[in-house]
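Participant: Checked Swiss-Prot, it gives:
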- C632: active site, glycyl thioester intermediate (ACT_SITE)
- A478, D504, R515, K528, D576, N577: ATP binding site (BINDING)
- 21-38: compositional bias 'Polar residues' (COMPBIAS)
- S2: N-acetylserine (MOD_RES)
- S4: phosphoserine (MOD_RES)
- S21: phosphoserine (MOD_RES)
- S24: phosphoserine (MOD_RES)
- S46: phosphoserine (MOD_RES)
- Y55: phosphotyrosine (MOD_RES)
- K528: N6-succinyllysine (MOD_RES)
- K671: N6-acetyllysine (MOD_RES)
- T800: phosphothreonine (MOD_RES)
- S810: phosphoserine (MOD_RES)
- S816: phosphoserine (MOD_RES)
- K980: N6-acetyllysine (MOD_RES)
- 1-47: region 'Disordered' (REGION)
- 63-611: region '2 approximate repeats' (REGION)
- 63-199: repeat '1-1' (REPEAT)
- 459-611: repeat '1-2' (REPEAT)
Amino acid sequence: MSSSPLSKKRRVSGPDPKPGSNCSPAQSVLPQVPSAPTNGMAKNGSEADIDEGLYSRQLYVLGHEAMKRLQTSSVLVSGLRGLGVEIAKNIILGGVKAVTLHDQGTAQWADLSSQFYLREEDIGKNRAEVSQPRLAELNSYVPVTAYTGPLVEDFLSGFQVVVLTNSPLEDQLRVGEFCHSRGIKLVVADTRGLFGQLFCDFGEEMILTDSNGEQPLSTMVSMVTKDNPGVVTCLDEARHGFESGDFVSFSEVQGMTELNGNQPIEIKVLGPYTFSICDTSNFSDYIRGGIVSQVKVPKKISFKSLSASLAEPDFVMTDFAKFSRPAQLHIGFQALHKFCAQHSRPPRPRNEEDAAELVTLARAVNSKASSAVQQDSLDEDLIRNLAFVAAGDLAPINAFIGGLAAQEVMKACSGKFMPIMQWLYFDALECLPEDKESLTEDKCLPRQNRYDGQVAVFGSDLQEKLGRQKYFLVGAGAIGCELLKNFAMIGLGCGENGEIIVTDMDTIEKSNLNRQFLFRPWDVTKLKSDTAAAAVHQMNPHIRVTSHQNRVGPDTERIYDDDFFQTLDGVANALDNVDARMYMDRRCVYYRKPLLESGTLGTKGNVQVVIPFLTESYSSSQDPPEKSIPICTLKNFPNAIEHTLQWARDEFEGLFKQPAENVNQYLTDPKFVERTLRLAGTQPLEVLEAVQRSLVLQLPQSWADCVTWACHHWHTQYSNNIRQLLHNFPPDQLTSSGAPFWSGPKRCPHPLTFDVSNPLHLDYVMAAANLFAQTYGLAGSQDRAAVATLLQSVQVPEFTPKSGVKIHVSDQELQSANASVDDSRLEELKATLPSPDKLPGFKMYPIDFEKDDDSNFHMDFIVAASNLRAENYDIPPADRHKSKLIAGKIIPAIATTTAAVVGLVCLELYKVVQGHRHLDSYKNGFLNLALPFFGFSEPLAAPRHQYYNQEWTLWDRFEVQGLQPNGEEMTLKQFLDYFKTEHKLEITMLSQGVSMLYSFFMPAAKLKERLDQPMTEIVSRVSKRKLGRHVRALVLELCCNDESGEDVEVPYVRYTIR
């Protein structure tokens, strides 16, 4: 899953401002965003009171200001069954000020179905008191206390947010009225078997600072008309992305300068590149340029109290295929509360008498309901299903509703993201058996064991089947931890012959602790898979988890081989990159195993289920590739901070990693030069010049030499190169058409003058000199004063721009220039490189970029290098936090989204284990908790293809036994003849991986040689690799013609050799 990274948002405080649509000068309507600190090393551009090491990934979702507001909010969570503990876990990880756990009940067997911090020895103990020490471990910044008294008003008044879970309606109404009258924000959450309910009341005057959390859009202006209203046209490089009603501000407009620095202006979108603003008819004429930026304007939203909203509800849809269901469930849940009040228990599982009574109660509730709620026709089957499962308690439903509820708590605390207005209902009845008659009351009776809450919904047969499952979990990060927790709760792999195999090669880092909730501070540096397996064993001692530390890929196919996959019942991906996802998808298609796929990005998440012979696979559809930045934009014409940050990352690699690697290869590999000369274009020249610089021209002998190098490099990049660029293209340069060269996306730069008293200049030298020293194994220094003193004695050669230097304006120009290479310069370089014999024992130390260690100078270099270049081009700088997001390609993450997404994954798991065969039983899902938005759809069926009268999908293949009855292996000729006689197909090309084994245009001599060779011998010869003993079959790809000579698309071949 890919999307634009989210950025830090500004905080807006005070009353709700009223930005105008008139174009009058700004009157400080919105607070100004503080400029990025100039001294990245001194202040790191970070907030002193937020632990950025811990909250790093969450800060990219919420921003610093929302995070600060979160840290001033005390939250009460009432009810510590499975739903309550899920909400408490997520908000404690999120970092609120304090959490109080309230429960007057004791742990029962049924609670263990989903309450992951209760153990069998806790039966009979107070749920809040038992859970408190285990929840408190999650985040040392959040005090967690337990309270077992009544919810009296004096007690409630000490909280900013109150969360009620699994509570009687009578209590909800009483607490709701009190909270609404006192401005205390209220979240009510409830789960009943396969059903969930959520309600929010954040008061009558809540200030919403940012409704969607997306990075404010910004684009370049190409024209503004003098009109009423004025029409703005943007450069046609990309659509502006604005919506009508958005507010924007302008900067750098030439001519119509009245727009610059204006208060936010409301716009109306006219097209993908145009929108109208205010009356510009009296403004100056527009000349050129300008940047228009979206402004997040705070707005006031109002909530009804619980009692008022009960009578006049507003619903957030979770599934548009169930459009009428929220209103039906609104009646059903009220009837359920009446049933529980009358009987002091929920309806018995699958009990017809109780179901009939609930239907009667629902009719009564409906008949007395207000006109806004009353249903013309009550869905009595739905009400009966509610009765049948209401006694159940399912970990996946609690994970989903708990993730949503915890996100609502964070919205209540921070004013960030649009809250649920005000009711949300959810059901997953598709999880029930497709054979509706297979469940009976007897099968759903409690067994006095930890799975009673689940048996109440699905019966004992599924419980036994879950226990026998053998699943492969790939990844033990955020999604992996949540999956393991859910697996433990539902009993997956907990029975005889059951097993979960989890693999992850990573170790635990501090930034993981904020959302990978199975890990603790004392686990940092330990292996994720081992630690997660041990932690989940505490939650359910019956779970059988085997932990591995292997990366999945061709290199580990000897471990995850045919025998391994054939014993599996399914695979769950918990990966963070597309390549690994696609690899596992291919493996699952090949071995015909179900795959549960999911991913998150900030508040966004997605779930996909892949079922053999039924659905398409993960790789059947792909996101469009991310747009890359043109090389010439990076090298000479940046116009956004993203460009300067990517340039700084390239600088890091080109200064501190690649030259050191090339030098080490040159000194140890006699064929290095020969191999380098075979590279394309100007690469041989660039590589050998870098080796020469590292070993001859720039070889430092001391720390002072490193400081000198850093100072010279500063001048090269931020003064000399810019002066050369301006020599080639002066500020007043015109294009061949007479237009200014420096216009549109090309920003005219200016050279910088080195100033040792400028903290940013000294930051750069400190970081660059230390990293340069590190590559040579020299000791560095953190003494800024000493470095400043050294810099005063550095002699910087005078620079004069040269004539005849070619600077490429486009990537096409660059490519054509790179096609030729100066052979005489190459020969000269080869002659001047020192012989490896003369440098015995010398080696360099390449540096791998590590963004999360603030002491290693890596981010110090990136921030300084990027912001200096930004200053060259008058681009607003970025602080360390934003720089780390972009340069480090960080994926924003928050525990709430992960919990909700994994809840949905495990609902699909129920269906997979039961063997559902109807496509409409399964649900692919997408959610965005910030909006909030939920979208569910049936998976797409596997696309069908045909040759002759034979239909096939990606799940089909030709099965060919390579070993014949006489014990000899099939030759290429026999293979070709087999397809001609058995399938009436003439093979025109045959390949294995990237190796071409046969083609119709192959030279006659080579073809004659191969025809009588065994297939595996040809594969080994062409690929130059011996087949491992673990390889039992080869995947062969075919191009074929039918009998009429037409190309036909056919499946691949599984060619069995053992």
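The backbone N, Cα and C atoms fix where each Cβ goes, glycine too.
In terms of burial and nearby residues, how do these features look in this structure?
Facilitator: All protein chains shown were included, and the count of other CB atoms within 10 Å of the CB of C632 (active site, glycyl thioester intermediate) stands at 16.
Within the same chain, residues at least 6 positions away in sequence whose Cβ sits under 8 Å from that of D504 (ATP binding site) are V474, G475, A476, G477, G480, L527, K528, S529, A532, H548, Q549.
DSSP assigns Y55 (phosphotyrosine) to a helix in the three-state reduction. In sequence order, M67, G95, N514 are the residues near Y55 (phosphotyrosine), counting only same-chain partners six or more apart with C-beta under 8 A.
A simple way to gauge crowding: the CB of K528 (ATP binding site) has 27 other CB atoms within 10 angstroms, across all the protein chains here.
When secondary structure is read from DSSP and collapsed to three states, K671 (N6-acetyllysine) falls in the coil class. Annotation for K671 (N6-acetyllysine): no same-chain Cβ neighbours under 8 Å separated by at least 6 residues are found.
In the three-state DSSP classification, T800 (phosphothreonine) falls within coil.
Secondary structure from DSSP puts S810 (phosphoserine) in coil.
Secondary structure at K980 (N6-acetyllysine), as computed by DSSP, is helix. In this view, K980 (N6-acetyllysine) is surrounded by 14 other Cβ atoms within 10 Å of its Cβ, with every protein chain counted.
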Participant: How many whole Å apart are the CA atoms of S810 (phosphoserine) and C632 (active site, glycyl thioester intermediate)?
Facilitator: 6
Participant: Note the mean pLDDT of the repeat '1-2' (459-611), expressed as a whole number.
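Facilitator: Averaging the confidence scores along the repeat '1-2' (459-611) gives 96.
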Participant: List the residues of the same chain that sit at least 6 positions away from A478 (ATP binding site) in sequence and have their Cβ under 8 Å from its Cβ, in sequence order, or write 'none'.
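Facilitator: Non-local contacts for A478 (ATP binding site): N512, R515, Q516, A574, T600, A893, A895, T898.
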Participant: Any idea what DSSP makes of D576 (ATP binding site), helix, strand or coil?
Facilitator: coil
Participant: For the repeat '1-1' (63-199), what does DSSP give as the number of helix, strand and coil residues?
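Facilitator: Its residues divide into 56 helix, 34 strand, 47 coil.
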Participant: Cα distance, N577 (ATP binding site) to K980 (N6-acetyllysine), nearest Å?
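Facilitator: About 41 Å separate the Cα atoms of these two residues.
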Participant: Rounded to a whole number, what is the top Cα to Cα distance in Å among the residues the record ties to ATP, namely A478, D504, R515, K528, D576, N577?
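Facilitator: Max span of the ATP binding residues, Cα based, is 18 Å.
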Participant: Would you identify the secondary structure of R515 (ATP binding site) according to DSSP, in three states?
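Facilitator: Reduced to three states, the DSSP call for R515 (ATP binding site) is coil.
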Participant: In whole Å, how far does the CA atom of C632 (active site, glycyl thioester intermediate) lie from that of N577 (ATP binding site)?
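Facilitator: C632 (active site, glycyl thioester intermediate) to N577 (ATP binding site), Cα-Cα distance: 28 Å.
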